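Working notes, beginning with the structure itself.
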Amino acid sequence: MTTRRRFALGLGVIVVPLVLALLGPLLTGEPGPRATSFTLGGGHWLGTDFVGRDVWQQVLLGGRTVVVTALAATALAYLVAVPVALMSALTRVRWLEELLMRPLDVLLAVPSLLLILLVASVLAPGAVGLALLVALVNVPDAARIVRAAAGEAAARPAVEALRMQGESRWRIAVGYVGRSALRTLAADAGIRLTGVLYLVSTAAFLGVGVAPDAADWAVMVDRNRTGLFVQPWAVVVPALLIVALTTGTNLLFDAALEKNQTDKRGRRP
Amino acid sequence: MSGLRSFVARRLLLGALQTVAVVLLVFALTEALPGDAAVALAGDQPDPARIAAIREAMDLDRPAYERLAGWATGLLHGDLGTSLTSGRPVAHYIADGFGPTLLLATLTLALLVPIGFGLGVLAARHEGRLVDRLVSSVTLAVYAVPEFALGVLLVTVLAIKLAWLPPTALGYGTDLLAHPAALVLPVLVLLSRPVCSLSRLVRAGMVDALASPYAAHARRYGVPGARVRYTHALPNALAPAVQQLARTVDWLLCGVIVVEALFVIPGLGTVLLNAVAERDVPVVQGLAVVFGVLTVVLNLGADLVAHRLTPRAGVAA
Amino acid sequence: MHDERFPGLRRRGFLAATTGAAALALVGCGGGTDDKAAGGSGTPKRGGRLRAAFAGGGASETLDPHLANLFADVARAKALFDKLADYGADLSAEPRLAEKWEADKGLDRWQVTLRQATFHDGKPVTAKDVLYSYRRIADPKQAFRAKASLEPIDLDASRATGERSIEFVLKRPTAEFPNILAAFGAYIVPENATEFDKKPIGSGPFRFVSFTPGRSAVFRRYDDHWDGAPLLDEIEFVVANEESARVNALLGGQVEYAHELNPTTARAHEGKGQIEIVRLRNSAMQAFCMKTDRAPFDDKRVREAFFLIADRQELVDGALSGAGEVGNDLFGKGYEYYAADLPQREQDLDRARALLKQAGAEKLKVTLDTSAVAAGFTEAAGIFRDQAAKAGVTIDVKMGSKDSYWSDILDGGTLSCYRSGAMPIEAHISQRLLTDSTTNATKWQHKDFDALYQQAQATRDKTERAAVYERMQRRLYSEGGFLIWGFADWIIGTAKTVKGVETKAPANTLDWARFDKVWLA
């Protein structure tokens, strides 16, 4: 498969959730009257949700928060984790490495949901706070994985060679080590995005961030689960959109990596 | 080797400090939660006089630091304290919950490692081809399916419609080994996500390693493909995967609440959930100690593996 | 008196659903204990073991009946122990261990005669056991749930007048004294019993076999039970907190009885022939609670406006998925003394707006406290927020911690979600609506209302008493603090083989979760 076709595939998969997320809120009208929850028919072509609202309308409204919060939280997690991990992988000062990585292990030892629950009930954050919190919970985990991938690259003789050639630390870190860890990072990012999505929805149910009946795909999957056998669309449609979003993001990542490496090496092994 | 030993010693010392930090953090956060054990116990009958009486009976009227100090002193003597709600020893709570959790974790891990690595290597070998695409996209899609949905689906099809397996472990108590059929579905659900994340990391690491100059060198010198793959590329791909594996084991041991609830398996996750809901601080702290120690040991193990693998990367090239 | 709201620990995953299509007989037509609708056909058969799945309390569970807090606790307690009285389907007290009760002229001294009954160790149930049990509950150093219910009894002055007769001395006239005997958790244990988890002895229809907290409790038929031996050989209570687990276990034949199901589950399986669905009507009152002592609800026009904002059918359909009935701002639909003649309130947004304008409360902003503590709470809050917006009222929904919710809303906030299990209307008033009530969440404190309650309690004649209760309810209907929008069904699933399950008893009454009359076909 050519890189171009891969791009096309990724775009094809991601375009539906993205368009729905970005344009959905513009397409919806005033909310109609509520019906009995978890029923089909009555002008609701995807049925009604757990509080009797039209599922299709919720689908249209529910993409934006997912895309914004989850993407922001994931990006933020890496924004912190990657520099910390690279610095710790490249430094030769042991205590600096320990100083960077060990405090993260403390966070790691507290189950993430418990941490969110506890911190959130003390600080009562809004949507922005929630994104920060979810990002925070993901930092230690992401940092360890990036650190491990970068550690392998940093130990290569090439790094030594670059160092001796007088390349700046910055260039080594970003240009060589960071680049080598990119694939692992991308693989990790794909699954992390999904994890973040559901963490946001669970937090919503616990009263953190968005409202428990908010129009949000992940919240919809979570809250409509009781009606799975009576009115499956309320779960299936948002779940498929999330799958499409994450799969599409990953396909695009993969394609971009491919292109990057093809350009660099000019051939595939 | 002495370097390694001092590394381990230093990390164990750090680990002890980390565990203390975890316990302090959890204690502070639990204390900061709205309500205490008395309020939680009073539930929907929050008569202030009654809450005061319960508080007194539980010794909750003492200041927080005194209670923490009392508990810590007990801990030094190996006593994890007693539950506020029931008055039973915390050690019983943990011992009861640990059996099912350990069993599930072991079984899951025993299957996870071969499947996760197998799929990752398979995808990496056929990089860019149909098998790779299939593995990559299926794992990603499965990962995006919430556990409860997968669980409900499996139960409905395999247990209710086909009646091949029992739908839950209800009534089997802690002796789950006597009912192996009841373990199949929980393990399947537990496997679903870690297999995906692990195989993706293995694939990414392998692809990188196979594309690296030393692998190309090795090939040029006529080293057979399989040898390059398994003795050179795979170990290099391991470091991130091992980190992920450690996280997975941690997750398996620290309570997999959804699976425990769905299949009625009374493990540590259930104990934790109940203890937080009841504001049963000694039980929460006891669990924090256990989880803290487990995490420290597992992360240390993962780092040791990485430590051993990383220098080799330099040698192999 | 006794608090019988649905006790604690509601886990996520409970939701409402279903149009309450099942046409069940009206509640409140007498005792109804003989109507076993669910498979009343066939002759009762002895034998077999029934496994019943309940949501439970985890590793902290106990068999101490005075500590009963959750449904699972109560179900186990009523299998092992008896109370002197218990509630019928209309929440009036029916004699159980007490054979009869009789008041003196002043209604502050009651003679109670016990029936001939024996504990599981063969010893008779005596007046001493009763007094010991009540004194244990009322122990000021303890905090047993039923303590507040027993408050009217002067236990120091009460005494045994014979082997099986007791004279209860009360602190004031109490016409509804039998309700106290039926109070939630007022079980009779043998004299000097303090330990209940190893080998509890009771007088109930089943005797102890084994107990693992948070997992399972096995009890065996007690052949000498005064009410006749149960039909089942054994009953096992198993704990499954997740609703889907209870349903799956029932469908997969791992249990024969699953307590507390979602309306959607009921709808998915009702009439499909795989399992039986039993709906206990009028089981859970659903309300919004307005604090009448603070702005904006200290103005009764604002309260009335809120009564008129609620579209009750939409709330029942959306938050309970149709599995319930609309409420009329009065507690206890279908129960004894319920003022059924008052007109059903309907949504009237124009009038609501006009009232708010009169009260100078246009563009009103209120915070509505809610929490995942009970099924339908967060749903109801969201729906009411949207309804209020149509009347120009901005409601800000605030999610609170489910573990401390009831305590948080008792004194804090202005508007909150509320619910209550079945209890006599008199108990609802005495616990929540008097100046010195312990859980007065609406802050309804009126001397004249208190006086009416005392008048009712001092009225011997039942018709006259009913008239006083009606006056009190009229007042609450027009200006009370509880906006009671619905009554939820309580849903139970059973295997097809289970017969004799009572279908008309609201949760918390005698015939709910009662297994001594159940049999396996």
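From the backbone N, Cα and C atoms, a Cβ is placed for every residue, glycine too.
Keep in mind it's a predicted model, so treat the numbers as computed, not measured.
According to TrEMBL, the feature domain 'ABC transmembrane type-1' maps to B:98-306.
Away from its own ends, the transmembrane segment (B:102-122) comes close to residues 131, 135, 139, 176-177, 183, 186-187, 190-191, 194-195, 198-203, 205-206, 229, 234, 237, 241, 245, 248-249, 252-253, 256, 259, 265, 267 of its chain (Cβ-Cβ under 8 Å, at least six residues beyond either end). If you look up TrEMBL, you'll see B:102-122 (among others) marked as transmembrane segment.
Under the heading transmembrane segment, TrEMBL lists B:134-164 (among others). Listed by sequence, the residues of this chain that lie at least six past the ends of the transmembrane segment (B:134-164) yet keep a Cβ under 8 A from its Cβ atoms are 119, 122-123, 185, 188-189, 192-193, 195-197, 199-200, 203, 258-259, 262-263.
Sequence-distant neighbours of the transmembrane segment (B:176-196) (same chain, 6+ residues past either end, Cβ-Cβ under 8 Å): 99-100, 103-104, 107-108, 111-112, 115-116, 119, 139-140, 142-143, 145, 147, 150-151, 154-155, 158-159, 165-169, 244, 248, 251-252, 256, 258-259, 262-263, 265. As annotated by TrEMBL, transmembrane segment applies to B:176-196 (among others).
Among the features that TrEMBL reports, transmembrane segment is placed at B:251-277 (among others). Only residues 6 or more beyond the boundaries of the transmembrane segment (B:251-277), in the same chain, are considered here, and those with a CB under 8 A from a CB of the stretch are 30, 33, 40, 83, 93-94, 96-98, 100-102, 104-105, 108-109, 147-148, 151-152, 155, 167-170, 173-174, 176, 182, 185-186, 189-190, 194, 283-284, 287, 290-291, 294-295.
According to TrEMBL, the feature transmembrane segment maps to B:283-302 (among others). Residues 8, 11-12, 15-16, 18-19, 22-23, 26-27, 30, 71, 75, 80-81, 83-84, 90-91, 93-94, 98, 242-243, 245-246, 249-250, 253-254, 268, 271-272, 275-276 of the same chain lie 6 or more positions beyond the ends of the transmembrane segment (B:283-302) yet place their CB under 8 Å from a CB of it.
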